[in-house]
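Chemist: Mind looking over this structure? Questions follow.
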Amino acid sequence: MCGIVGAVAQRNVVPVLLEGLKRLEYRGYDSCGVAVHADGDLQRARSTHRVAELEREVQDTALAGFTGIAHTRWATHGAPATHNAHPHFSGQSRGKARIALVHNGIIENHDELREELEAAGYVFESQTDTEVIAHLIDHLYSADLFEAVQAAVRRLEGAYAIAVFCQDEPHRVVGARQGSPLVVGCGQNENFLASDALALAGTTDQIIYLEDGDVVDLQLSRVWIVDAQGNEVKREVHTVQIHTGAAELGPYRHYMQKEIFEQPRAVGDTLQDIQSITPELFGDGAYDVFKTIDRVLILACGTSYYAGMTARYWIESVAKIPVNVEIASEYRYRDSVPDPRTLVVTISQSGETADTLAALKHAQSQGMEHTLTICNVGTSAMVRECKLSYLTRAGVEIGVASTKAFTTQLTGLFLLTLALAQVKGRINETQEHDYLKALRHLPVAITAVLALEPQIMAWADRFASKENALFLGRGMHYPIAMEGALKLKEISYIHAEAYPAGELKHGPLALVTDQMPVVTIAPRDELLEKLKSNMQEVRARGGELYVFADADTRITASPGMHVIRMPENYGKLSPILHTIPLQLLAYHAACARGTDVDKPRNLAKSVTVE
Ligand code: HGA
């Protein structure tokens, strides 16, 4: 999603701005741009190509300046075209641009503001909601940008992080946030703004996390923050260790492939060196919280939602606590019945997912104070907002389609299951010891599954010519089937749907023909015989089955029934192992179709807009 970088310094800031954009590229974008204060004018370059292309343009035109802002855009309002790319200017209809602005988010009252500003004589050059902010600030401006921005944001409805500078005030950048992430980077006689501390790696590690409603005034040696009421506030400066090492592709063709193969390490790191389960793994005070709660509400989106659905099977079966799992974008707007004795668990790779953050705040506003997050970024808004947290240690995930983030989330959620079960007295020491042992063996077990890649590649070639696929799973493998279908559609653009296998005969069986591949997850569990009957129903209609079967299921290959054997049955942790071949199948089907695997069309990595 959109990335913002801003800088005020005594050196040319263009290299810092472009480096920042490169670090934010992994989030996904469709255009990019940079603007600086140069020779008393506002100058900009914008491109619908990659940041490297923008960089070439900037070099050709020798764009340089001491103050500037830059942006990667993931279009929400207006096509991905140069005229819609940020930075947007205002004031050019008077002959000279005065305000330059970049924005992440959605302004919901943009139509109304546009009408008002058009009536005041402003001419719009783009179809974006963002341009209204630039004109509004220009309209309200009288010699003080900080004041104009404070006045402007009072008129905005929706979500935004903005960075703005003004032709009349060459050494100043003003930022503001409401619902979208924005951080300040503090330097020596220079200061910066960015969507994420990662963008400033190598420039500064002194980071201030702005809060909703904050407006910040950045000058060379001053960072001044006011809250929504206009009162000065002091926000803590954090020293942030930013790991950037994951950007090397090494021997892999794509980041997604690299990240699939990193899973033994990522899961191992996420388990740290845990020798015993204690609630304090989730933070101070976790014991009291776990003791108090008698239900769990999981809020998440996309792949994280499927991790939550899997956790529901674990928590209900091992810890015996009732669990609800809700899609965050639905939960935040629906009437629900709050229960203060609920543990609200949010799951988000980036910790900045706008819908999940909003759902968390909605739950808090309903009086549900016991909050916990499973998150991959320790400095994220989600970790700061939740009382308790467990950090997955997947490392930076660049591929838009989540892989190692998912399996590490599952690992964290299984630890949560055990901690809850322990506090509620639902498991004894031996069971705890056995589960921990199985967890510790996971990296080895995953490595054995990764060795199936050549067999899966052969299947993937056949999938590449299909336009539809079905995925079947039962019990705790149903969410894994959903995740497998999501992976396939995200990166190969093959339409895929998942069903609990027993549901097939209630409708989807009508879709089954000899053109429909049906991927089936077949672990050796108590539902195996039922699943086998469901598979026969598919075969009887000519459907081709592609089955990932545990070694001891006695499912064998026959015409129309293709089988890949999973090395071992993994009991309660089996969903983690069965995820891996589905990732590889999607990955190789996408490669065979020649799609842009790491940056699939229309999608972005950190979903920071609603
Ligand atoms: N609404 C703005 C910004 C979109 C955004 O934040 N995407 O992540 C636009 O469409 O330009």
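Any Cβ shown, glycine's included, is placed from N, Cα and C.
Automatic prediction, not curation, is the source of TrEMBL annotations.
Annotation comment: TrEMBL describes Cys2 as active site, nucleophile. If you look up TrEMBL, you'll see Lys605 marked as active site, for Fru-6P isomerization activity. Marked as domain 'Glutamine amidotransferase type-2' by TrEMBL: 2-221. Taken from TrEMBL, the feature domain 'SIS' covers 286-426, 459-600.
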Chemist: So how many other Cβ atoms are close to the residue listed as 'active site, nucleophile', meaning within 10 Å of its Cβ?
Modeler: 27
Chemist: Do me a favour and check the Cα-Cα span between the residue listed as 'active site, nucleophile' and Lys605 (active site, for Fru-6P isomerization activity); whole Å is fine.
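Modeler: Cα-Cα distance, the residue listed as 'active site, nucleophile' to Lys605 (active site, for Fru-6P isomerization activity): 10 Å.
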Chemist: Just how many other Cβ atoms lie inside 10 Å of the Cβ on Lys605 (active site, for Fru-6P isomerization activity)?
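Modeler: The answer is 23 other Cβ atoms.
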Chemist: Over the domain 'SIS' (459-600), what is the model's average pLDDT?
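Modeler: Mean model confidence (pLDDT) across the domain 'SIS' (459-600) is 94.
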